[in-house]
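Colleague: Sharing a structure here in structure tokens format.
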2 protein chains.
Amino acid sequence: MFTSIKRFLIGRPLKSTELGEQKLNKTKALAILSSDALSSVAYGPEQILIVLITVGAAAFWYSIPIAVGVLILLLALVLSYRQIIFAYPHGGGAYVVSKENLGIYPGLIAGGSLLVDYILTVAVSVSAGTDAITSAFPSMHPYNVIIAIVFILFITTLNLRGVTESASVLAYPVYLFIFALFILIGVGVYNILTGQIPPDLHTPVGTPVAGISLFLLLKAFSSGSSALTGVEAISNAIPNFKDSAPHNAAKTLIAMGSLLAVLFSGIVFLAYYYGVSPREEVTVVSQIAEQTFGRHFMYFFIQGTTALILILAANTGYSAFPLLAVNLARDRFIPRMFTVRGDRLGYSNGIIILGFLSILLIIAFEGRTEHLIPLYAVGVFIPFTLSQSGMVVKWVREKPKGWLPKLIINSIGALISLTVSMMFFLTKFSQVWPVLVFLPLIIYLFHRIKKHYVAVGNQLSLSTCEPAVQIEGNIIILPVAGITHVVENSLNYAKSLSAHQIIAVYVPFEREDEAIFEAKWNKWQPEVRLVTLHSPYRSIINPLSKFIDTVQRKAGEANFQVTVVIPQFIPKKGWHNILHNQSSLLIRAHLLYRRNVIVTTVPYHLKE
Amino acid sequence: MFTSIKRFLIGRPLKSTELGEQKLNKTKALAILSSDALSSVAYGPEQILIVLITVGAAAFWYSIPIAVGVLILLLALVLSYRQIIFAYPHGGGAYVVSKENLGIYPGLIAGGSLLVDYILTVAVSVSAGTDAITSAFPSMHPYNVIIAIVFILFITTLNLRGVTESASVLAYPVYLFIFALFILIGVGVYNILTGQIPPDLHTPVGTPVAGISLFLLLKAFSSGSSALTGVEAISNAIPNFKDSAPHNAAKTLIAMGSLLAVLFSGIVFLAYYYGVSPREEVTVVSQIAEQTFGRHFMYFFIQGTTALILILAANTGYSAFPLLAVNLARDRFIPRMFTVRGDRLGYSNGIIILGFLSILLIIAFEGRTEHLIPLYAVGVFIPFTLSQSGMVVKWVREKPKGWLPKLIINSIGALISLTVSMMFFLTKFSQVWPVLVFLPLIIYLFHRIKKHYVAVGNQLSLSTCEPAVQIEGNIIILPVAGITHVVENSLNYAKSLSAHQIIAVYVPFEREDEAIFEAKWNKWQPEVRLVTLHSPYRSIINPLSKFIDTVQRKAGEANFQVTVVIPQFIPKKGWHNILHNQSSLLIRAHLLYRRNVIVTTVPYHLKE
């Protein structure tokens with residue numbers, strides 16, 4: 001049942017050798033890895049205007065220089081990450097770069113913040129997309145959280161089916177969105193050039209504005225640069241590309257950067273020229289679309305594809321999170337299960353946990369995750385800064401051919417990223433302070449996990465641990481609950497093991513019962529020693545454990561091993577289990593976890 | 001940790017021999033076994049008026065003859081159950097009486113409806129009590145469900161502590177309630193006799209009323225007789241009494257019947273004389289109290305004790321349900337676990353399951369369980385009828401000394417109970433029909449469980465089952481995941497068992513891995529045969545199961561037994577478990593439940 005539902009949802013299992021077919025070509029990779037970055041166009045320009053409106057609409061012209069700043073930052077990031085791709089072709093992005101060049105803790109800071117960031121990406125973008133849909137159909141508004149969860153489950157399932165399949169599905173909406181925005185920008189610019197838009201809707205660039213301050217401009221810039229989150233995703237996901245992966249990844253990165261630059265500057269320019277002012281209920285893109293096309297087909301087309309890409313931006317998280325987790329798990333900072341490939345060769349544990357955690361976030365914030373945006377932006381710029389600095393260190397240390405221009409590019413990238421990170425802390429401290437709490441926590445956790453794995457490794461390795469004790473003989477303890485076929489079966493098995501001694505143990509709750517059972521036993525199996533342990537408190541485990549301890553102490557002196565043979569009958573149907581006090585399960589768990597005893601379970605399958 | 005919390009909540013474990021001290025004297029028994037019956041006084045009279053008001057306040061005088069009818073029914077029930085107590089001094093009440101005299105199916109009908117009924121009792125009375133509290137403090141109204149659940153958890157814990165302790169706590173509110181109502185009735189009657197109440201508030205008995213019908217009167221009568229639920233509880237709980245239990249139980253029953261008669265007729269009479277009309281927001285008892293005392297201390301005292309006794313009425317369910325369950329479980333109609341005494345000698349499984357199911361009911365009905373009252377009343381009158389009929393059959397069959405008056409009493413009891421049951425179906429079918437669905441379902445379930453136990457008994461018994469196969473030798477399969485200390489340990493153990501053959505099994509996911517491991521193994525343990533099972537789909541269980549099947553087929557021909565020895569390392573702390581892919585647990589469960597293989601777990605306790 002479970003298997004066939006699973007088959008239906010995620011498809012037949014794939015052989016490990018089919019991994020190559022699960023790789024992405026550039027078109028598909030662009031679709032699934034850039035949805036996060038491109039979707040930021042839907043809210044990035046608006047974030048700038050929201051800051052500027054606090055001093056008045058006259059300040060809107062500042063969005064043009066700010067956008068230029070964002071574009072420069074984008075250029076620096078794309079060039080820097082292009083270098084990272086070639087330098088670290090196995091992916092891992094900021095985590096690997098920082099770890100190798102700056103040391104383990106900077107690496108963990110980068111890895112930890114990205115890990116949390118991808119969860120935020122999924123939660124924030126799915127809630128934003130759901131909001132976009134429910135503002136179109138207000139009657140669905142009360143079901144926001146449920147709709148968002150359904151979307152996450154859908155994207156999770158799609159990703160469990162494998163990277164190529166999700167790419168095939170997701171490519172359409174991404175390219176439709178790009179197409180829609182290109183038409184919007186094209187028609188908008190054409191209208192302006194042909195003079196159909198009155199030029200007095202905006203204040204000219206350079207108009208002096210009362211009340212403007214450097215602090216405000218920095219705040220607007222850092223808000224605008226939240227549109228650059230997602231740029232690093234490609235560098236994490238290089239192993240998903242077709243060969244030669246680094247070249248394909250680099251080309252995809254350049255394509256994404258160019259698209260992002262065109263769309264971002266186009267929207268900012270149109271918003272400025274149209275004199276669009278940010279409004280609570282209607283997004284800036286929606287206002288531009290309405291002014292350009294009216295409430296016609298193209299308007300709804302743009303709205304629809306925007307909502308879709310906001311939801312699909314989550315998919316970038318799904319592509320990058322599992323691969324980053326693999327890198328962290330290989331270094332033993334997070335549980336090993338993240339390195340296991342699932343039926344469809346994706347790292348399914350990472351995918352499932354990402355889905356689970358983002359659903360938790362959405363439930364915890366009741367779908368209103370907007371104020372997590374600054375948190376998630378700062379969580380990206382910290383690893384940006386660390387990875388660029390790592391590259392700077394690398395170039396200085398290794399000095400390969402033509403290292404100077406590379407050094408300059410990464411230095412500029414590092415400097416701007418650092419500045420943006422600082423600006424977030426300076427201008428939006430009230431929203432980004434949780435980073436200062438959870439980053440140390442996560443790194444402490446990483447540290448504890450690593451310590452445990454190292455300790456386990458030492459204890460298991462044949463070279464470092466104490467030598468195994470030789471076993472000279474066996475003593476078998478057989479707890480019996482009655483004189484039944486199950487007991488006979490287990491006793492036969494115990495006898496076949498040529499043990500040194502077999503002790504049957506019976507735990508009666510009443511004194512009368514004790515004598516009756518002893519008599520019966522001695523008639524049935526006179527040659528097997530029976531020990532009865534009267535239990536006035538009606539516990540089976542306590543007297544049994546004490547008895548085993550005693551036997552074990554004596555056995556240990558002679559290098560004898562104690563084995564407890566537990567008869568367990570297994571009903572034909574699962575629900576029958578509640579009809580039997582499965583004390584054998586309890587006894588087994590207790591003995592294994594609390595005492596150092598070998599436990600043998602002899603199953604007895606019921607036929608009816 | 002768990003143990004000390006448990007100790008704190010329910011106290012230290014008691015020895016089986018301390019059972020005698022857990023018995024109840026009459027005062028305490030009256031408190032905990034009559035709370036259900038006595039609390040009905042708080043709503044029984046009201047139920048009569050609610051039916052009568054449909055033809056107008058002039059019809060209220062009919063409440064007097066109806067109350068007389070209810071009192072006659074009460075008398076018949078008390079006398080009949082008194083006879084049941086002496087005839088069946090080991091308790092079990094309606095179930096045992098019906099089973100022994102009428103046959104197994106009537107017994108199961110009685111037992112099944114009482115079992116469900118006690119769950120309804122708990123849910124209905126706790127919700128009613130919570131309602132009484134939150135109508136006094138309306139700001140708490142939104143938390144109704146949570147408050148009700150807290151009360152159930154409290155009563156459950158109290159009952160887990162043992163019968164005597166819960167009786168000590170619960171005796172106070174019960175006697176306070178009786179005391180409060182006695183004062184109310186006394187002062188009310190005094191006021192009437194001294195002429196302080198105008199005699200024109202009520203229509204005289206015998207006034208002709210237009211629109212009154214036999215159907216309506218029957219409906220009012222059946223509503224009023226819902227005040228008699230709980231009368232049977234004492235006959236179920238005889239084993240909880242001090243010696244000689246039947247005599248004490250009988251005396252307690254008479255005391256309860258008398259109290260119930262006085263309180264019920266007092267409230268009906270005052271309500272009639274004061275001309276109280278049932279109102280949505282204020283209960284009849286509350287109106288009487290207000291007219292008698294004004295909104296003074298005594299009014300609030302009566303309100304408070306009423307709320308308390310409504311909640312504590314649940315306790316009757318807790319006293320009777322576990323004992324009824326023991327009887328059903330001994331006859332193997334419900335899981336055997338209900339017969340196990342807990343640390344404090346109560347039948348803790350019954351107590352816990354009763355609490356759990358009534359919490360579920362409250363959550364499902366969001367605390368509005370009022371319309372379950374008729375359902376629960378009919379669920380009592382069906383067993384009433386069956387047990388009285390059973391007694392009739394018993395007297396006719398056995399004809400002991402002085403059987404005729406006994407026969408007459410039980411015949412009258414049976415007849416009236418049958419009439420009331422029929423009235424419920426006739427007058428309130430829309431509310432009681434679920435009985436017709438769930439009773440057959442429950443009896444079918446009882447039947448299935450019994451069938452399973454009988455089948456298991458036959459399969460386990462040495463006399464009826466096929467003889468056990470002799471074991472000629474052992475083949476040990478040892479799944480290995482690497483060359484570690486854990487594997488070395490398990491291998492040493494396997495070698496000590498003087499098995500016929502030991503086969504180590506390794507499941508590599510990659511072809512390269514296979515060759516490397518084989519080479520390593522042959523260097524380390526050249527004398528132990530290694531089988532590698534390449535698993536292209538990265539499953540360990542599937543190839544392993546197939547291999548075990550093959551080995552088992554061959555081994556079976558030579559009467560060899562196959563044992564799988566699974567190394568399992570046990571981390572020092574519980575949370576460490578998620579850091580390890582505990583495949584050994586999965587493999588073990590799969591092999592035990594799906595295949596007929598003996599599984600030996602060799603624990604390896606990590607020290608760090």
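Every residue gets a Cβ built from N, Cα and C, even glycine.
Okay, so TrEMBL annotates it like this:
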type	residues	note
TRANSMEM	B:48-81	transmembrane segment
TRANSMEM	B:102-128	transmembrane segment
TRANSMEM	B:140-160	transmembrane segment
TRANSMEM	B:172-193	transmembrane segment
TRANSMEM	B:205-231	transmembrane segment
TRANSMEM	B:252-276	transmembrane segment
TRANSMEM	B:296-324	transmembrane segment
TRANSMEM	B:345-365	transmembrane segment
TRANSMEM	B:371-395	transmembrane segment
TRANSMEM	B:407-426	transmembrane segment
TRANSMEM	B:432-449	transmembrane segment
Colleague: Would you kindly list the residues that approach the transmembrane segment (B:252-276) from elsewhere in its chain, counting only those six or more residues past its ends and only Cβ-Cβ distances under 8 Å?
Modeller: 26, 29-30, 33-34, 37-38, 40-41, 44-46, 48-49, 57, 60-61, 63-64, 67, 70-71, 74-75, 77-78, 81-82, 85, 178, 181-182, 184-185, 188-189, 192, 197, 201-202, 227-228, 231, 234-235, 241, 284-285, 287-288, 291-292
Colleague: Contact between the transmembrane segment (B:432-449) and the transmembrane segment (B:205-231) is defined here as three or more C-beta pairs under 8 Å separated by at least 6 residues; is that satisfied?
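Modeller: Taking Cβ pairs at least 6 residues apart, the transmembrane segment (B:432-449) and the transmembrane segment (B:205-231) are not in contact, as fewer than 3 fall under 8 Å.
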Colleague: Out of B:48-81, B:102-128, B:140-160, B:172-193, B:345-365, what stretch is closest in contact terms to the transmembrane segment (B:296-324), meaning most Cβ pairs under 8 angstroms?
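Modeller: Selected stretch: B:102-128, with the most Cβ pairs under 8 Å.
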Colleague: Could you tell me what the rest of the chain brings near the transmembrane segment (B:140-160), counting residues at least six beyond its ends with Cβ under 8 Å?
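Modeller: Distal contacts: 9-10, 122, 126-127, 129-131, 133-134, 166, 169-170, 311-312, 314-315, 318-319, 342, 344, 346, 348, 351-352, 354-355, 358-359, 362-363, 366-367.
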Colleague: May I ask which of the stretches B:172-193, B:371-395, B:407-426, B:432-449 has the most CB pairs under 8 A with the transmembrane segment (B:48-81)?
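Modeller: Looking at each of B:172-193, B:371-395, B:407-426, B:432-449 in turn, the most contacts to the transmembrane segment (B:48-81) are made by B:407-426.
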Colleague: Is the transmembrane segment (B:432-449) packed against any residues at least 6 beyond its ends, judged by a Cβ distance under 8 Å, and which are they?
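Modeller: Same-chain residues near the transmembrane segment (B:432-449) but 6 or more away: 105, 108-109, 111-113, 115-116, 328, 332-335, 374-375, 378-379, 382, 424-425.
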Colleague: At a C-beta cut-off of under 8 Å, are there same-chain residues at least 6 beyond the transmembrane segment (B:102-128) that contact it? List them, or none.
Modeller: 36, 39, 43, 93-96, 144, 148, 151-152, 155, 229-230, 232, 236, 310-314, 316-318, 320-321, 324-325, 327-328, 333, 354-355, 357-358, 361-362, 365, 367-370, 372-373, 375-376, 379-380, 382-383, 386-387, 389-390, 393, 435, 438-439, 442-443, 446-447
